[in-house]
Each structure stands twice: as structure tokens, then as C-alpha cells.
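The structure appears right after this line, and notes come after that.
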Amino acid sequence: MTNANPDAFYIHTFGCQMNQADSGIMTAILQNEGYVAASNEADAGIVLLNTCAVREHATERVGHLLQHLHGRKKRSKGRLLVGVTGCIPQYEREVLFKNYPVVDFLAGPDTYRSLPLLIKQVQQAGKGATEAALAFNSAETYDGIEPVRSSSMSAFVPVMRGCNNHCAYCVVPLTRGRERSHPKAAVLNEVRQLAEAGYREITLLGQNVNSYYDPLAQCNFAELLAAVSCAAPATRIRFTTSHPKDISEALVRTIAEHSNICNHIHLPVQSGSSRILRLMQRGHTIEEYLEKIALIRSLIPNVTLSTDMIAGFCGETEADHQATLRLLEEVQFDSAFMFYYSPRPRTPAAEKLTDDVPEALKKARLQEIIECQNRISASLFSQAVGSVVEVLAEAESRRSSEQLMGRTAGNRTVVFARNGYQAGDVLHVRITGSTSATLLGEPLISTTL
């Protein structure tokens, strides 16, 4: 801590893409008040943990880091300031202050504008002082703040915040409040600026983007997506996350009709059993989900689909689990985020249902789901061998500096020989091999698109 700048900050970001976007917002707010972003934690006199509360494992990771920072704070004789932001403080304020005395201040997702004031208050009050700003603000969308972005190639643009769905297992309504949408004009202005700055890819973000609605512009998400596509015609456009019950034919047609909107849809289903979906309060049946899949594939024949799955939810039987495996086989998702259920305090499931599936059985069922999905992914990816795909190069491959990795419009990862290319280039690659998670290929031409 001897060389750490007391006005320099470093942000550890956990969890979803929205948290990554929020870290950029916090960075902008702090820099506008004269604070300096440090390139590593050791140089920072202020350390922020931007946290996720969706799963117990994410909370545990934050706890481990706070223990590490406790030791560092002792060595600094209390000069290091530690703040916890994001979903965990909104959800577990008293637990944080009680169990982790290293924490000086807390800020929830709607109160990041208060960060400079919180820091000043703690600095002025001295050792042992704690501050918190955790009020929900149903109007806060951080419009007017230009986020600091870690990439000059790919950008996240939040278009709405919060969620009204109240799925039984989910903490998001408790941590991010009710839905509110960014004004259409503000979204389009940000998109145009990014396109003019040369960004190759823009991802529209929301806990449930399909619920987007700007009452002033009378604009729903399908209409916003079309407008974004036209505002940045040379830029790839993605969006996440969608709720199956809110996928409309108008939205699917918009994707099909605009060539720069990526042909990939992430559509979390969570279980293959309608009975379990009812307990989860998902608002749809498996039959209705499959109707949405059929609609998507009828209008976007080359679409790729991904999903989320939860193994071992309350009351899940072996028959329910087998229904999940059958759904995977029927839909043929490209990929899936797969977890076993862990109850989150204050959620409907934790308060009203019994967590009656033994942990060992949860883990066994999860492993079966993973193995099933890996087989499907490997089969789908092997079918791409011999084809030519357009790839946006994103970064150096983890395994070799002589290779780059990038993604197709369908969100498939491709690793290929560098051949003079660099991140940000768009090129055609012939697929020569595959694994269950990656396509392997060779660039076709020596000039970028």
C-alpha cells in the first residue's frame, strides 16, 4: 500500500454482462470527479468489488476476495478503502458489514452516482466508518453518463434495467428492482457514437430485453432493434437476455430482415418439465417454448440457439430430469449455461418450496445434462467442418500467440492462424476441425473485410 495512490481505484467485476457495463459506468462517474483508474489492484487506494448474487458460488468468490483485502488493509494500516457494489450489497447489506469488517461502503445498482460522495464521507470520517447507498430508483438508467469501455472493438449498451418476472429461484427483482427502459433516443445516440468510433459489435443488454418499452417514443424492443440496426448498418448487433414468453413474431422477423443483427438467440428455458417450470414461476410451458423455437427456426433457418439449465430444482423427479435431457436432444442447442440449484434467501422458492433434491443427486443430474449438451455441441460443430464462416477476430488465442480467436454471427468461437490479422478484423475462415466448444480454421484471404 506504500505506493498506492489514495485517489486511484480498481474494480473487480463479477457476474453478468450488465455488471461489466455497470463497471464502465462507475469508472466514468469516478473519473469525472477526479479519481484515477489503476491498472492493477496493488496501485489502488480504493478497491471496488462489483458483485453478483445470482448464485451462491458467486457470493463465495466475493467472500474470498474480501478476506484477501482484509490482510492488505491491515498492512496498509487502514488506508485502503474497500467498497462493495452491485447485487450483493442490495441483497445482503447487514451480512456484509457484520461478516466483513474490511468493507467501508456499499452501493447498489441504482446508486452509483453516489460513489464519489460515499468515498469522501468515509475518508473524512476515518477508521471504522461505514457508508451505504442502497435505495432503489425506478427512474435511474444512467443516461447522460458515457461509460469507460475496456474494449475498442465490442461494446455493451444497456437498454433497460430491472426485472418484473419474479421467477421463483431468482434474486434479480430483489437486487435490481423493477423494469425501466432507456429512452429510445438515448440508445440510438450511444449506438451511433460507437459506430462512428469504429466499434465492430454492439450488444444490447437487459435482464429481459424483450420487455423493453419507451412510452414516450411508443417503441417496443422489436422496433428498437430495427432502429439500432439502421443506425449502425456496418456493425454487428447482438442482444441478451430474452425471456421465452416475451419472444414475439415481430422480433423474430426483425432479426431475419436485418443482415447485421446476429443470427443467435439466447433463450433460457431452465428445465424440460412443464411441472418444474410452473414451480419456477416461468410463465410458460414446454409446449409453448417449443412453439417459439419452431417460429424462430421457420423465419431464421440458420439461427443458433443457446440456453440456461438448472438441475435439481425443488421437487424435481427423475422423470422431470429425463424431460430436460429430451428437450436438449429435441432443440439441439449450440451451447448452454448449466448449473445445479442453490436456494437464494428471500426468493419465492426459498420461502415457499422445499429444497428436497440431495446435493449429490443435483450434481449427478447436472453432469448428465453437461455430457448430453457436450455431445450435441460436438455434433453440431463437426457439421460445420468444410464450411466458410465470417469471423470477427476478438483476441489472441489462449494457447498460442500465433493464433487468434473470434466469433461468428451465430456466436460460435473460432480459433485460426493469425496470418497477420489482429483483433477487430473481420475475415472469412474455412473450418477445418472442431471440438465440443470451438471451431478450428484457416483464413481464406489476406485482406480484412
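Even glycines carry a Cβ here, placed using N, Cα and C.
As recorded in Swiss-Prot:
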{"type": "DOMAIN", "residues": "7-124", "note": "domain 'MTTase N-terminal'"}
{"type": "BINDING", "residues": "C16, C52, C87", "note": "[4Fe-4S] cluster 1 binding site"}
{"type": "DOMAIN", "residues": "149-379", "note": "domain 'Radical SAM core'"}
{"type": "BINDING", "residues": "C163, C167, C170", "note": "[4Fe-4S] cluster 2 binding site"}
{"type": "DOMAIN", "residues": "382-445", "note": "domain 'TRAM'"}
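Shown on the structure are the features that Swiss-Prot records.
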residue : record                          : Cβ contacts under 8 Å, 6 or more apart
C16     : [4Fe-4S] cluster 1 binding site : C52, V54
C87     : [4Fe-4S] cluster 1 binding site : G15, N19, T51, C52, A53, V54, G108, P109, V171, V172, T175, R176
C163    : [4Fe-4S] cluster 2 binding site : C170, V172, P173, R176, R178, E179, Q207, N208, S211
C167    : [4Fe-4S] cluster 2 binding site : Q270, M280, Q281, R282
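For C170 ([4Fe-4S] cluster 2 binding site), the count of additional Cβ atoms within 10 Å of its Cβ stands at 22 [all protein chains shown].
The number of other Cβ atoms within 10 Å of the Cβ belonging to C52 ([4Fe-4S] cluster 1 binding site), over all protein chains shown, comes to 21. Neighbours of the [4Fe-4S] cluster 1 site: apart from C16, C52, C87, residues of the same chain with C-beta atoms within 8 angstroms of the site's C-beta centroid are F14, G15, M18, N19, T51, A53, V54, A58, G86, T175. Residues in the domain 'MTTase N-terminal' (7-124) partition by DSSP class (helix H, G, I; strand E, B; coil) as 64 helix, 26 strand, 28 coil. In the three-state DSSP scheme, C170 ([4Fe-4S] cluster 2 binding site) is classed as coil. Highlighted in sequence order, N165, H166, Y169, V171, V172, P173, Q207 have their Cβ within 8 Å of the centre of the Cβ atoms of C163, C167, C170, the residues recorded for [4Fe-4S] cluster 2, and are not part of that set.
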